[in-house]
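Listed features, source TrEMBL:
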BINDING   Thr62, Asp63, Asp64, Asp294, Asp296, Thr297  Mg(2+) binding site
Amino acid sequence: MAVTVSLRKKFQGSLIGCLIGDCLGERFESAELPVLLSVSKVANFFEALQRGEKEQGSLPYTDDTAMTKELAKSIIDNKSINNQDLAKRLTQLYYAEPDRGYGTHVGQVFHTLKRMRNLGDVLKPAKDQFQGTGSYGNGAAMRATPVGLFFHKDLDVLIEAARDSSLVTHAHCNGYNGAILQAMAVRQALLTDPSDSINPLEFVQELRKQMEKVEKNGNPHFTHQLKKIEMLLSEPEMPDKQRVVDDLGNDVSALNSVPTAIFAYLVSGKQLKGIDTDNLFERTIHYAISLGGDTDTIACMAGGICGAHLGIDAIPKHLITPCETHEQIVELADQLLTAL
């Protein structure tokens, strides 16, 4: 079936989706409120957005968007994953704007990279972290959306590219497999016609089959998480948010956030209690944030997936314009497509 929305609109929608999830989610990141108590607070925020109460560019982005932008620029310039180039870009970015919310451990990687002469083995600082096991955080996954877009024509190439793009900062298998899963989900959404309703169960089952191959020689952690999503989606009643968080997580580890973002996208295909909008994209971001925890990253990843499916024209303007650098993100999406 021919896709009714252009690839250009889908690239734009995906990167803008990441930005929106990041900027809106940042307002609630690591909130100490129990899930049920945060419902009205999140709803009030979205109502204010709908009323146009947030000024253009007033919502700042975090390290999620900052590193997504740099990875996209590196791909554009190299037409591939070049870790020497990526390490240099990310390190320079960190020192130019260190207050974007970077985690302590990734900051240590950039400190080490800055001290290295001629950027020799740029993967070593990440490999050496956590007694040589590497980081299993979601920092590689949160920037992986451009990989899912640019390498969408060949799944095997995409998988290797997602893994390679992670290793500068995340050497643990859960760190880079989380990035692979995010990139595969973006690709799958990109290749879906927005005029078609997503079958959530079929979507996650296809991802699980792909992930089983990725994890066949190691621990099938993400495969198990995807099976949990299948079980949640198969229940006769919508599971409450606390159940979702208990099963899938909402923290800064890739294992407990990438599947959560995918679930947020898949479950938002229908009306959700307490979320008053008919717009699929807005519902996805609202629901992702309402799960609490690492809200900016979970919403960023969910937004990248949903935006790749729908395209930018399906995303409400009242969500786009308050976000810092939104015009530049659209331009970056165009450049990424042109580089194909």
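A Cβ is built for glycine as well, from the same backbone N, Cα and C atoms used for every other residue.
TrEMBL: automatically predicted annotations, no manual curation.
Known features from TrEMBL, placed on the structure.
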{"residue": "Thr62", "record": "Mg(2+) binding site", "Cβ contacts under 8 Å, 6 or more apart": "Asp22, Cys23, Glu26, Glu29, Arg100, Gly101, Asp296"}
{"residue": "Asp63", "record": "Mg(2+) binding site", "Cβ contacts under 8 Å, 6 or more apart": "Arg100, Gly101, Tyr102, Gly103, Val106, Gly139"}
{"residue": "Asp64", "record": "Mg(2+) binding site", "Cβ contacts under 8 Å, 6 or more apart": "Cys18, Asp22, Gly101, Met142, Arg143, Asp296, Thr297, Cys300"}
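Counting every protein chain shown, 34 other Cβ atoms lie within 10 Å of the Cβ of Thr297 (Mg(2+) binding site). Sitting within 8 Å of the Cβ centre of Thr62, Asp63, Asp64, Asp294, Asp296, Thr297, and not among those site residues for Mg(2+), are the Cβ atoms of Asp22, Gly25, Glu26, Glu29, Gly101, Met142, Cys300. Its Cβ placed at the centre, Asp294 (Mg(2+) binding site) has 27 other Cβ atoms within 10 Å. Counted within 10 Å of its Cβ, the other Cβ atoms near Asp296 (Mg(2+) binding site) come to 26, all protein chains included.
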